[in-house]
């Protein structure tokens, strides 16, 4: 049985080894001649061992021992020696083949690794070269067009894609002007080119673009102009006199209106994304459940914060969105004077008041400047002045503003606004228990119509700025170019379409401190001087003189006018060119100083002494008469 067991083990080894060798043959196709001979020899040995194993198993199963003698001859261990020798040969052949395979594997891995490293190094080199090329192109890519090129393009239709690309390039250069500018090209040239391109691409006039460039950085300017080209979201204001916002939203959603609450700062606003029905013709709209109103129009009423049972004036009420909002906050208590100067607009005002169920409002048709004479001075608690303006904040609604506005029109609007805000302040009672507030708002972003008007009111009346009560919005300008405004103008709020996604708007809230008006001689002079005039670089000295003149008394003003008349020759020049009118006035004051009044106590004491002297004189004269 021992030979049988040995033979079985050998056969098993041979069967196990053959699949590995076949796999090696398949994986490594190219071999040396010596390796091929070894594999052939091992294959022949395997076949011989398999045949011996099969024959031996058959003889063993039949129980005869003659088969082994026939196979192995006289020495029964001869077969075992041959098998062991074949096994050794097989093992040596397999070991040598595996060593060669491992060497080839290592060489292949090394070659692949070197190829990967080379590829990576080449990619890094190409990336670095591309980066350097991009840097070079970034600095040299854009060049300002020459005058010849501009003249040539002026005779051809505008190339809109080229204009848009050039606007972006100019903005990019101006945002990092020191590193990206063209050699020898000043910043002014880039700004002028940007103005021309914006005028050609967006259709603005020179004045409006010039004003916007002065107000905003170039990056923000382009964002603002792009925002003006897009319509603002449609907003609804729930009429709390008739319904609640949740109930109204449910009804409109069932009608196919896709909407959401406006924002956290409003409890009555809804923003409409899309609608299957016209939102201005639904049964709910006809019944007065809501008002179509822009989000920016909510802000002045929220800043006014009307209270119940107050007397409130809306100086420019049509078409009634703000008036009906005030009435809803007052719950139809108190009284509202809704004034509108333009008679054709009274129809929409009265129609909306009836539709929204407002019952505490009186509609009037007066010029706003005359309202203090009609309603009385110091007669109401709060005033809302949504002043007529140039409309530069609502270009998305009225694109004619791009080309129709000019410097003269802005100055005319500013002059009217100054008159209206003084009338509004005069109507408010500073001693009101719950009020005494004036809210001024415009749908303009011009400084001349906003901060300049409020600064004017601060000088002309006893009022001060208070916070608007709005948690968002940009603070107003305290300084703009050469103009300097009161520091409290930071409490005013500006709203922009590219920042707040609503129309351009300005809101300021004033508190009246006293019903007395400041009585200074400079009031009339400043009012006439500021009519239709803005501060320019050429008029800085004149405005400085106006500021100094504010602190003069009436006598000092007369003295100054006399000095000016005496110091001016026939050709209109000063006789003493080295001295300004202000210096001449100061010199005159030094020569003729003012008399200083003594304190009241000294005056009273002097009067008492004078009376005592008079009494003594009378008593002395009486004594003399008696003696005679």
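Please read every residue number as a count from 1 along the shown chain.
Placement of Cβ uses the backbone N, Cα and C atoms for every residue, glycine included.
Sequence annotations record features per position, and here TrEMBL assigns region 'Disordered' to 1-143 (among others).
The feature compositional bias 'Basic residues' is assigned by TrEMBL to 7-24.
Marked as compositional bias 'Acidic residues' by TrEMBL: 77-108 (among others).
In terms of DSSP helix, strand and coil, the compositional bias 'Basic and acidic residues' (109-123) has 15 helix, 0 strand, 0 coil. Annotated compositional bias 'Basic and acidic residues' per TrEMBL: 109-123 (among others), in sequence order.
When pLDDT values are averaged over the domain 'SAM-dependent MTase RsmB/NOP-type' (224-513), the model yields 94. Residues or ranges marked as domain 'SAM-dependent MTase RsmB/NOP-type' by TrEMBL: 224-513.
The S-adenosyl-L-methionine binding site annotation in TrEMBL covers 316, 317, 318, 319, 320, 321, 322, 340, 367, 386. Counting only same-chain residues at least 6 apart in sequence, those with a Cβ under 8 Å from the Cβ of residue 320 (S-adenosyl-L-methionine binding site) are 338, 348, 349, 350, 351, 352, 353, 356.
Here TrEMBL flags 443 as active site, nucleophile. Every protein chain shown contributes to the tally, and the Cβ of residue 443 (active site, nucleophile) ends up with 23 other Cβ atoms within 10 Å.
Look at TrEMBL and you will find 519-628 (among others) tagged as region 'Disordered'.
Summarising the annotation, TrEMBL assigns compositional bias 'Basic and acidic residues' to 523-536 (among others).
The compositional bias 'Acidic residues' annotation in TrEMBL covers 538-547 (among others).
Marked as compositional bias 'Basic and acidic residues' by TrEMBL: 548-568 (among others).
Here TrEMBL flags 598-628 (among others) as compositional bias 'Basic and acidic residues'. Secondary structure of the compositional bias 'Basic and acidic residues' (598-628) per DSSP, as helix, strand and coil residue counts: 28 helix, 0 strand, 3 coil.
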Fill in the blank from the handout: Counting every protein chain shown, other Cβ atoms within 10 Å of the Cβ of residue 367 (S-adenosyl-L-methionine binding site) number 14
Fill in the blank from the handout: Integer Å value for the Cα distance linking residue 322 (S-adenosyl-L-methionine binding site) with residue 443 (active site, nucleophile) is 14
Exercise for the section: Determine the most Cβ-crowded residue among the binding-site residues 316, 318, using a 10 Å radius around each Cβ and all protein chains in the structure. Expected result: 318
Completion exercise
Of all C-alpha pairs drawn from the S-adenosyl-L-methionine-binding set 316, 317, 318, 319, 320, 321, 322, 340, 367, 386, the farthest apart lie at a distance in Å of 20
Exercise for the section: Note down the number of other Cβ atoms within 10 Å of the Cβ of residue 322 (S-adenosyl-L-methionine binding site), including every protein chain shown. Expected result: 26
